[in-house]
Amino acid sequence: ASVGFKAGVKDYRLTYYTPEYQTKDTDILAAFRVTPQPGVPPEEAGAAVAAESSTGTWTTVWTDGLTSLDRYKGRCYDIEPVPGEETQFIAYVAYPLDLFEEGSVTNLFTSIVGNVFGFKALRALRLEDLRIPPAYSKTFQGPPHGIQVERDKLNKYGRPLLGCTIKPKLGLSAKNYGRAVYECLRGGLDFTKDDENVNSQPFMRWRDRFVFCAEAIYKAQAETGEIKGHYLNATAGTCEEMMKRAVFARELGVPIIMHDYLTGGFTANTSLAHYCRDNGLLLHIHRAMHAVIDRQRIHGMHFRVLAKALRMSGGDHIHAGTVVGKLEGERDVTLGFVDLLRDDFIEKDRSRGIYFTQDWVSMPGVLPVASGGIHVWHMPALTEIFGDDSVLQFGGGTLGHPWGNAPGAVANRVALEACVQARNEGRDLAREGNEVIREASKWSPELAAACEVWKEIKFEFEAIDVL
């Protein structure tokens, strides 16, 4: 027994590398992509990650004797190589449930990714996936409403929802901003959206924007007979100010508000999600800052982890890449985390980047939002890839229409309805998509004009983050 108490630095793997460990149903499991410094063996690096993100410290401390390390320590229970990468491997770590505060994504992340990413023995570290056990996920409210309740609130079924980010994102007055909102909704969109960086700036204060957008919503609803919404961005510099904006939105009677969950922070986001459920507001989530965290292949955190965290913290929509537009996202990997957002039970599937089987035990789902550099020619592919339970957002693809905003909205709605109808008739959108759009444009001059403008535009770059 005295071996453990010799002074100085000890090997982590003595305590924290336990290949014989059988994971428990209540454990939180993590898959880390580890790139150790030269000369550091994989077992030591994996054990170091487990230790530093749970109970360990760099030396023996007397107070270890006052607790049961076996009960509380993280354990590296498996290590596997990464095909084609000699210097990397995947370390699997199991964390006992009791290490984490209930209902706190903030605490979960502070423990698992808080300190260990600056660790000297590692050249780089990336959290690829987390398995959240029902015992932990059940301590969260989750999304304020979820997919089915949202469809019932909006009375929209059997098709993706259509949105549009109002551009130019900064510089419009509240009155002109509201006018653009009205034109898009009147033309046939379900939603318009504040850009993520529209908060409350000198050229347009939040209260003025909220009032003019509410007016636009009610006018468009009265004229179309459809329920309309505008994502009013409640993100603010303090939590109190954020809640004040949410309360004002509720007083206006609008259906949906918005939050930037990474820049705003998980604590603020979870508070807002609770308010939204209690007051019948839908919550649209933007992922501004995600690429700072998730873009590098060898370091940071994969977006699927940020997506799972959002489902626990709470949001009804979240931006999830497009597969086809200007922001990157590899198809299988994107569909992997789209399923993690929407579905109740997701099987482990390494080809889609899903390292663990995830059971959400009836936590409401989140609608993925495809947004960024997409236009009418992408509609068949988007309908095919994302299916009905999604929001397709065309900013420039609506407001860039040569005839104006409302015709831009008409073009998108006609294209969407044509794609959904073609799919329901059994046509193959992947193969016949362009033909479907061309046929529809014969009956819609607005769509024909849009087809002409965007016929050649593509954003073609190799994806950085491939499996």
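Glycine is treated like the rest: Cβ placed from N, Cα and C.
Annotation source Swiss-Prot lists active site, proton acceptor at K167 (among others). Following the DSSP three-state reduction, the secondary structure of K167 (active site, proton acceptor) is coil. Of all Cβ atoms in the shown protein chains, 16 besides its own fall within 10 Å of the Cβ of K167 (active site, proton acceptor).
Residues annotated as active site, proton acceptor in Swiss-Prot, with sequence analysis given as evidence: H286 (among others). Under a cutoff of 8 A between CB atoms, and with a sequence separation of 6+ in the same chain, the neighbours of H286 (active site, proton acceptor) are E196, N233, M258, H259, D260, Y261, I318, H319. In this structure, H286 (active site, proton acceptor) is part of a beta strand by DSSP.
Under the heading substrate binding site, Swiss-Prot lists N115, T165, K169, R287, H319, S371. Classification of N115 (substrate binding site) by DSSP places it in coil, neither helical nor stranded. Non-local neighbourhood of N115 (substrate binding site): E52, S53, each in the same chain, at least six residues away, with C-beta under 8 Å from its C-beta.
In the three-state DSSP scheme, K193 (Mg(2+) binding site) is classed as strand. The Cβ of K193 (Mg(2+) binding site) lies under 8 Å from the Cβ of G163, C164, T165, I166, H230, Y231, M258, H284, Q393, G395, each of these being in the same chain and 6 or more residues away along the sequence. What Swiss-Prot records for K193, D195, E196 is Mg(2+) binding site.
The N6-carboxylysine feature in Swiss-Prot is assigned to K193; the stated evidence is sequence analysis.
Positions annotated as site 'Transition state stabilizer' by Swiss-Prot, on the basis of sequence analysis: K326.
For the Mg(2+) site, the Cβ centre of K193, D195, E196 serves as reference, and the other residues of the chain with Cβ at most 8 Å from it are T165, I166, K169, D194, N197, V198, Y231, N233, M258, H286. Counting every protein chain shown, the Cβ of R287 (substrate binding site) has 23 other Cβ atoms within 10 Å. For K167 (active site, proton acceptor), the nearest neighbour among the binding-site residues D195, R287, S371, judged by Cα separation, is D195.
Of the listed binding-site residues D195, E196, the Cβ environment within 10 Å is emptiest of other Cβ atoms at D195.
Here the binding-site residues are K169, H319, and the one whose Cβ sees the fewest other Cβ atoms within 10 Å is K169. Listed in sequence order, the binding-site residues from K169, R287, S371 having a Cα within 10 Å of the Cα of D195 (Mg(2+) binding site) are K169.
Classification of H319 (substrate binding site) by DSSP places it within a strand.
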